[in-house]
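Features reported for this protein in TrEMBL:
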REPEAT    237-271  repeat 'PPR'
REPEAT    272-306  repeat 'PPR'
REPEAT    307-341  repeat 'PPR'
REPEAT    342-378  repeat 'PPR'
REPEAT    379-413  repeat 'PPR'
REPEAT    414-448  repeat 'PPR'
REPEAT    449-484  repeat 'PPR'
Amino acid sequence: MALLLKPRRHLSNTCRSLLLRRLCDGAPVPPAPADPSPPPLTRAETKLLDALHAALLDHRRANPAAEIPVSPPFDALPPLSEAVAGLLPSPPSPHLALHILRRLLALRRGVPLPEAVAFFRHVAPSLPGDSLPDLYAAMIYLLAKHHHFPFARHLLDEMRERAVPISSQLIRALIRRYVRAEMPSEATDLFRRMDEYGAGAPDPATLASLLAALSKKRLASEAQALFDSCRSVFPPDVVLYTAVVHAWCRAGRLDEAERVFAEMQQSGIMPNVYTYTAVIDAMYRAGQVPRAQELLCQMIDSGCPPSTATFNAIMRAHVKAGRSEQVLQVHNQMRQLGCEPDIITYNFLIETHCGKGQGNLDAALKVLAKMTAKGCVPDCHTFNPMFKLVLVLGNIDAARKLYEKMRELQCKPNVVTYNCLLRLFNQEKSMDMVIRMKKNMDVEGIEPNMHTYAILIEAFCGRGNWRRAHTTLKEMIEEKSFKPSKQVRDMVLALLRKAGQLKKHEELVELMADQGFISRPASDALWSTL
């Protein structure tokens with residue numbers, strides 16, 4: 001491995017120097033355009049937004065059986081419409097309506113979708129025409145995210161009928177959602193019908209986006225079929241070929257990836273750094289290390305210098321296999337070739353120092369200091385391996401310092417970060433800090449997952465706080481539809497029995513039975529457990 005990038009003898013020193021100078025000269029790929037963000041809210045508007053969000057959630061709790069309409073007529077949910085009308089100014093603020101849909105979009109579970117539709121239907125007729133494209137797009141994104149495609153397509157058709165502009169970005173987003181839901185034929189159909197919606201004729205960029213989405217879902221056969229069917233309209237280039245190669249790599253079909261790779265070269269289209277990187281990554285994932293090394297040498301010989309992404313792909317394979325020595329060797333080779341590490345590289349190094357067999361927090365902190373000194377901004381994935389190590393070590397002081405460092409660097413934690421902190425503070429019997437961390441999560445809009453709920457319930461049960469334990473388990477089941485483990489539910493039920501809260505015990509058992517999480521016991525069996 002140490003000789004992985006040793007240059008071939010037939011490469012002259014001049015050529016080698018040229019390759020080294022060109023190594024990181026490639027132009028970055030421009031990011032996809034993002035949706036324009038609505039203007040920031042005032043304090044009064046934020047308070048109103050919270051009230052609207054609460055109204056939607058309250059209606060959902062009171063009407064759990066409400067469903068998304070699939071065709072007209074649409075139920076306006078009169079009680080909710082009255083509540084919304086009582087809160088909103090007249091006319092309603094366009095950006096406030098957009099903010100509420102964006103907030104719901106950020107949630108993964110417990111989204112009040114029928115209420116969101118009713119809210120959209122309530123406010124849309126009162127808004128100015130120039131605000132409708134973004135509002136419709138947000139509603140379509142929300143519906144598609146949760147696989148309510150018939151209604152999403154109904155709204156898309158409605159936009160066309162009302163002459164509300166439809167952007168190619170919206171079409172691409174809907175196409176990607178179809179693919180994520182493993183509905184490739186629907187995605188392809190929408191791609192071919194782009195011009196019907198006024199979003200422009202199908203183009204190579206959208207085709208590449210669709211191929212990339214199919215690749216991500218490992219739908220390689222579908223990607224190949226689409227590529228073949230579009231050859232006559234869009235002559236294949238390096239971008240489209242690379243997308244197909246990557247699709248076969250993601251599907252674990254190296255034989256097919258190599259076939260397309262060879263076909264590409266025979267057509268006179270030279271692979272670029274992304275093509276080579278996709279195949280090298282797949283070879284490493286498949287354990288074909290010698291072949292991957294050979295292809296890397298071939299890549300350099302062909303005049304295509306590896307990029308940071310290429311080295312990250314190699315490094316990833318070693319990190320996942322726990323080969324810490326090889327990870328550090330790849331990093332050294334990057335430096336020797338003058339290829340600057342990025343955040344992914346640094347995160348792999350930190351993960352290596354924090355992994356099994358290493359457990360070296362000081363070395364990880366040195367990497368963190370180095371990356372910040374280089375101007376590389378860390379993210380939550382930079383800190384999470386260190387928090388996991390601190391949790392194993394039980395070092396609460398180190399956890400506090402890491403958390404303060406995150407704040408200092410304006411690095412937003414994610415749910416994994418907070419779960420580590422919650423578990424650590426719970427182990428240290430610091431209930432004040434457990435509650436504080438949960439409040440921070442709520443303020444920052446970080447949605448708890450099932451592990452968060454399990455940690456909180458364990459903490460409340462450990463202190464005998466049956467009220468908080470009962471409320472948390474009920475929220476976990478009712479609002480988020482998470483299935484609690486047997487250990488978690490038994491913990492709460494035992495605490496309720498001990499506290500004499502038999503009615504709440506029975507309600508929880510009924511709730512879990514309604515959700516299909518447990519079998520509904522016979523009444524005599526239920527009360528015998530009490």
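Each Cβ is built from the backbone N, Cα and C atoms, and glycine gets one as well.
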Report summary line: The DSSP breakdown of the repeat 'PPR' (307-341) into helix, strand and coil residues is 26 helix, 0 strand, 9 coil
Report task. By DSSP assignment, list the helix, strand and coil residue numbers for the repeat 'PPR' (272-306), in that order. Result -> 26 helix, 0 strand, 9 coil
Report summary line: Taking every residue in the repeat 'PPR' (342-378), the average pLDDT works out to 93
Query raised in the report: When DSSP states are grouped into helix, strand and coil, how many residues of the repeat 'PPR' (379-413) land in each?
Result: 27 helix, 0 strand, 8 coil
Report task. Would you kindly list the residues that approach the repeat 'PPR' (449-484) from elsewhere in its chain, counting only those six or more residues past its ends and only Cβ-Cβ distances under 8 Å? Result -> 57, 60-61, 64, 109-110, 415, 418-419, 422-423, 426, 429, 431, 434, 438, 441, 491-492, 495-496, 498-499, 501, 504, 508, 511-512, 515, 517
